[in-house]
Amino acid sequence: MSWPQVQPEVNIGVVGHVDHGKTTLVQAITGVWTSKHSEELKRGMTIKLGYAEASIGVCPNCNKPEAYVTEYSCNQCGSDEKPQFLRKVSFIDAPGHEILMATMLSGAALMDGALLVVAANEPFPQPQTREHFVALGIVNIKNLIIVQNKVDVVSKEEALKQYKQIKEFLKGTWAEDAPIIPVSALHKINIDALIEGIQKYIPTPQRDLSKDPIMLVIRSFDVNKPGTPYNELKGGVIGGSIIQGKLEIGDEIKILPGLRHEKPGGKVEYEPLYTTITSIRFSDLEVKEAKPGGLVALGTELDPSYVKADSLVGSVVVKSSNKNVSVLWNLKIENYQLLERVVGAKELVKVENIKKGEVLMLTLGSATTLGVAKNIKNDELEVELKRPLVVWDKDLRVVISRQVSGRWRLVGWGIIKI
């Protein structure tokens with residue numbers, strides 16, 4: 001016997017400043033080291049979005065929080081009675097380095113809740129702690145847990161002093177009541193209390209499976225090894241998260257904006273890609289249908305050359321019959337709001353007004369594109385995009401970043417008008 005093989009039902013982001021122990025924390029909970037990319041292993045930092053899953057269970061014989069486990073046995077009491085399965089969750093490990101803010105923002109679009117990891121042995125808040133916190137608020141994350149990591153390398157007094165600083169920082173913000181849970185990810189101390197916190201504070205959202213399915217793409221790849229005979233080639237794979245509705249094997253889908261074509265005279269157009277879903281998997285689990293929660297890999301009939309090296313990242317997948325999705329080269333943003341200060345730099349710089357002709361970076365869902373500010377009046381902003389954005393609903397929030405001292409910095413957000 002073991003726990004049921006099911007897809008994850010909730011996505012939990014793991015965010016915070018570089019080197020504060022995000023990837024180590026994910027490993028402590030799931031047993032998976034999410035940095036797999038060769039460059040990541042060499043540089044010791046997360047570059048792409050990492051991913052891992054964990055099943056959560058509770059031992060009927062132990063007291064809480066020790067009763068919470070992520071394995072099909074309890075090391076605490078050694079009882080023959082197996083822990084009861086509660087749910088499967090997935091973790092999206094976002095990069096903490098300042099140059100990778102766009103990657104963090106594209107991951108935030110998939111999150112149902114988040115763990116903000118703070119190192120107890122560094123001054124609080126660090127620049128990306130602050131920037132990630134603001135970003136989570138902008139993309140409307142409601143469920144947050146602050147994880148005070150590395151408490152094993154500071155005294156009790158230092159840990160308590162920082163706890164008070166965190167409380168002070170949260171006061172008056174969207175996350176004023178967020179719980180703060182101290183852990184040592186390296187020594188796996190208090191991980192059971194964190195799992196209890198995840199169960200209590202990051203519930204699985206209510207999902208409406210009758211809605212038109214929408215999937216945000218964060219990966220795409222060719223699974224064929226070099227030299228595979230032509231008649232054995234497998235179609236391209238797209239990976240991402242379904243944010244509403246459900247997809248099934250055999251569904252005909254379209255991928256937007258699609259393939260880029262350069263026309264004579266330098267004009268660029270995008271053509272939607274149409275294909276059929278041939279397989280669906282979550283990590284090692286093959287399923288017939290996929291719902292929101294977890295990162296799903298869709299096998300398709302696409303030519304593998306279309307998906308190579310994450311070329312479809314930022315795309316949106318819908319059913320081929322869906323006519324309610326717009327692909328926009330010109331974005332009208334209303335009720336846009338700028339932060340008072342640029343939060344991700346060491347010094348807090350005042351945010352200047354957006355100027356006509358300024359190049360901005362916009363993030364919507366898992367897509368990031370550059371654009372030029374054209375018309376600005378009151379709280380409305382029009383931006384001409386270098387690559388079109390796919391708008392799948394009304395009142396979507398777009399995140400606005402601009403170059404500050406050679407780095408893209410989060411400066412505001414607005415609502416897309418369609």
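A Cβ is built for glycine as well, from the same backbone N, Cα and C atoms used for every other residue.
Residues or ranges marked as domain 'tr-type G' in Swiss-Prot (evidence: sequence analysis): 7-206.
For the region 'G1' (16-23), residue counts in helix, strand and coil come to 2 helix, 1 strand, 5 coil, using DSSP. Marked as region 'G1' by Swiss-Prot: 16-23.
Taken from Swiss-Prot, the feature Mg(2+) 2 binding site covers Asp19, Gly44.
All protein chains included, Thr23 (GTP binding site) registers 26 other Cβ atoms within 10 Å of its own Cβ. As annotated by Swiss-Prot, GTP binding site applies to Asp19, His20, Gly21, Lys22, Thr23, Thr24, Asn149, Lys150, Val151, Asp152, Ser184, Ala185, Leu186, with the evidence given as sequence analysis.
Here Swiss-Prot flags Thr23, Thr46 as Mg(2+) 1 binding site, drawing on sequence analysis.
Taken from Swiss-Prot, the feature region 'G2' applies to 44-48, supported by sequence analysis. Mean model confidence of the region 'G2' (44-48) amounts to 47 (pLDDT, 0 to 100 scale).
Residues annotated as Zn(2+) binding site in Swiss-Prot: Cys59, Cys62, Cys74, Cys77. Around Cys74 (Zn(2+) binding site), the same-chain residues at least 6 positions away in sequence with a Cβ under 8 Å from its Cβ are Cys59, Asn61, Cys62, Ala67, Pro83.
The region 'G3' feature in Swiss-Prot is assigned to 93-96; the stated evidence is sequence analysis.
Positions annotated as region 'G4' by Swiss-Prot: 149-152. Below 8 angstroms of C-beta separation, residues 20-21, 24-25, 117-121, 159, 182-187, 189-190 of the same chain, each at least six residues beyond the ends of the region 'G4' (149-152), sit close to that stretch.
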Close in space but at least six residues away in sequence, with Cβ under 8 Å from that of Asn149 (GTP binding site), the same-chain residues are His20, Gly21, Thr24, Leu25, Val117, Val118, Ala119, Ala120, Val183, Ser184, Ala185
With DSSP as the yardstick, break the region 'G4' (149-152) down into helix, strand and coil residue counts. 2 helix, 1 strand, 1 coil
Cα proximity to Cys77 (Zn(2+) binding site), best match among binding-site residues Asp19, Thr23, Val151, Leu186: Leu186
On the three-state reduction of DSSP, what should I expect for Cys74 (Zn(2+) binding site)? coil
